[in-house]
Amino acid sequence: MTESAGISFLAPIVCLLHLIASVASIPCYHGNTTSVCVVVETPVCMTAEVTFNYTSQVFTNSTYNQSVIQEQLKYWEHLRLVPECWKLIQPFLCSVYLPKCENDKQEVERPNKELCERVKTPCEVVKRYTGKWPWFLDCDQWFYAESCGQTFYETTTFNTEGECSGPLTKTDNEAIWYDKIKGCGQQCESALYTTSEHRVAYILIAIMAAVCLLCSIFTLLTFVLNWKVGRKYPEVILFYINGCFCLATIGWLVRYIVGKDVVCRMDGTVRKGEPLIGSGETASCTIVFLFVYYFTMAAATWYVMLAISWDIKFKALGTARNDLTKKTAYFHIISWCLPLVLTIICLSTSVIDADSLSGVCYPGSNNVWVRFGYVLVPILIALIVGAVYSIRGLKTLIEFKKESPPFVGQKATSKIHDTIIRLGIFVALTFVLVVVTLSVHVYKFVNTHTWDDSLLQYTYCKANVSVIQIMDGAAESSCVMKTKPSIVAAIFNFGAFFGASMLFSSWSWTRTSVDVWRRAFRRLCNKPVNEPQTTRKHRIVARRSKRQKQRQNERLSINYGTDPNDPVGLRFDRSSASSHSMSSGYTVSIPKHGRRTRGVKNMHHHRSRRATSDS
């Protein structure tokens with residue numbers, strides 16, 4: 001009983017030892033009549049020195065001589081342009097093409113199956129380009145050995161210093177490796193545009209940004225020089241919009257000061273997925289993003305507030321109402337906080353990419369859907385809503401002009417007519433900007449996939465990693481990108497931003513602004529300034545009453561005040577001695593004043609009749 005129990009206990013151990021022995025018996029060397037060892041003619045395999053004396057062609061083709069094998073190994077040297085692949089492919093290829101052979105035993109060292117499996121990941125670009133692996137990269141081939149430890153070449157020192165061919169550059173950052181080309185990332189200057197196209201964009205953006213910056217500064221200073229009048233709503237909203245465009249334009253000009261650091265990392269690759277915490281890179285890209293993106297979104301939001309303010313203001317013409325007073329705080333909350341929320345989301349999700357053509361960092365420069373969600377949708381919503389309210393305000397002005405009461409004078413009518421023209425042109429140009437922005441983005445959305453594929457094929461061609469080219473030696477002499485984006489479309493896209501900046505700045509291009517600057521320069525030179533004097537309302541009323549008595553038969557004429565200090569020329573509710581105008585609040589009270597006057601006269605006439613009858 002005890003003996004049988006001991007035998008049953010030892011049975012599993014015996015089976016396990018038998019299994020281990022069977023696995024260990026898998027040969028790490030191949031040996032038969034076909035594995036004839038031959039003398040090594042060239043003691044070099046790729047970038048390593050061969051220290052053994054005999055080799056064999058049993059794993060490739062026994063009819064190949066060593067000179068043919070060396071030529072085929074040279075073709076594979078093109079994979080130096082895929083650095084991570086180059087590190088592993090050399091010992092693997094040498095163990096297949098030029099294996100170590102034991103002449104006395106007539107045994108050839110088998111290639112390592114584990115190494116074959118490891119090669120496929122960094123060298124996936126080979127399969128990606130041709131659609132299949134070469135036959136010897138089929139790791140299930142008969143000659144691969146398992147669990148044999150490292151082969152001779154795995155312990156040999158190779159020159160693993162890889163290179164990257166343009167438009168790629170070498171980088172150790174795995175997050176920015178380009179497609180399947182391990183160890184290489186996209187260089188700073190986009191290959192989708194030529195060097196000359198980059199130069200054209202560089203010059204045009206510098207000119208447009210400089211002009212827009214000067215115009216925005218002119219508008220801001222015009223408001224500051226006349227802040228007592230310019231701080232009133234809705235005119236002051238144009239001050240905020242121009243301030244936003246001014247700061248956003250400064251963001252466009254940063255690269256002209258700090259250079260390529262805005263769009264390039266220290267290793268020469270283009271910035272993607274910013275901000276990268278702990279990467280050791282400068283924050284220049286993130287800072288430019290904050291200037292350009294936040295203040296562009298803020299300007300777009302303020303435009304909506306401006307259009308709403310115009311609509312409210314024009315509807316209140318001829319009345320004493322001021323419906324904007326209680327809404328200004330909400331304007332600030334919405335216009336500053338909504339862009340801030342979008343900005344924080346972009347920073348937290350690291351969707352900021354650099355664009356070498358424009359020289360700025362923006363959400364989704366390399367991802368059309370990110371750009372659609374974070375850029376195109378907010379801007380289109382703002383432009384469309386703003387245009388709708390602007391059209392409503394324009395319609396209100398037109399109706400007011402047609403239905404204006406008889407006491408509205410020629411001067412007020414002329415001012416309303418000029419405002420209608422200016423606002424109509426503004427709305428039309430806003431529509432043009434919407435069409436341009438939408439057209440360019442639709443063009444990009446439709447063609448981006450094609451451009452990316454074209455760039456990928458061009459990159460593979462430049463890297464010369466085609467197995468067919470490697471095996472046949474038929475490398476192409478030149479590589480051409482089949483399709484790429486138009487530089488004209490890109491310039492129109494940039495021009496839409498700078499055009500919007502100029503459009504909002506143009507509201508201050510008035511004769512009043514010239515007068516404001518003239519008075520400022522006269523003060524600066526200590527010369528007398530002829531300030532327009534504002535007459536108090538009771539004096540205007542007295543003056544008007546005196547004229548009424550002198551011209552009782554003439555039609556009453558009232559001009560909606562045109563303040564000579566108004567920087568944009570859109571204020572209708574100011575009293576001015578220079579224009580002899582009255583406020584719309586006083587205008588509203590005229591019918592009541594007339595009724596009261598007629599009532600007093602009727603009462604006096606009734607009392608006179610009673611006195612006559614009594615007598």
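We number each residue from 1, going along the chain as drawn.
Each Cβ is built from the backbone N, Cα and C atoms, and glycine gets one as well.
According to TrEMBL, the signal peptide annotation covers 1-25. The annotation domain 'FZ' is assigned in TrEMBL to 32-167. Marked as disulfide bond by TrEMBL: Cys85-Cys123. Under the heading transmembrane segment, TrEMBL lists 200-225, 237-258, 287-308, 329-352, 372-391, 420-443, 487-509. Residues annotated as domain 'G-protein coupled receptors family 2 profile 2' in TrEMBL: 201-464. For 535-550, 592-615, the entry in TrEMBL reads compositional bias 'Basic residues'.
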Q. Do at least three C-beta pairs under 8 angstroms join the transmembrane segment (487-509) to the transmembrane segment (329-352), pairs 6 or more apart in sequence?
A. no
Q) What counts of helix, strand and coil residues does DSSP assign across the domain 'FZ' (32-167)? A) 52 helix, 16 strand, 68 coil
**Q.** Neighbourhood of Cys85 (disulfide bond), C-beta criterion under 8 angstroms, separation at least six
**A.** Leu79, Val119, Pro122, Cys123, Val125, Val126, Gly162, Lys182, Gly183
Q. So which of 200-225, 287-308, 372-391 is most in touch with the transmembrane segment (237-258), counting Cβ pairs under 8 Å?
A. 287-308
**Q.** Other parts of the chain folded back onto the transmembrane segment (329-352), taken as Cβ under 8 Å at six or more residues beyond its ends
**A.** 237, 240, 271, 273-276, 285-286, 289-290, 293-295, 297-298, 301-302, 305, 309, 361-364, 367, 370, 374, 378
Q) Across the domain 'FZ' (32-167), what is the average pLDDT of the model, as a whole number? A) 80
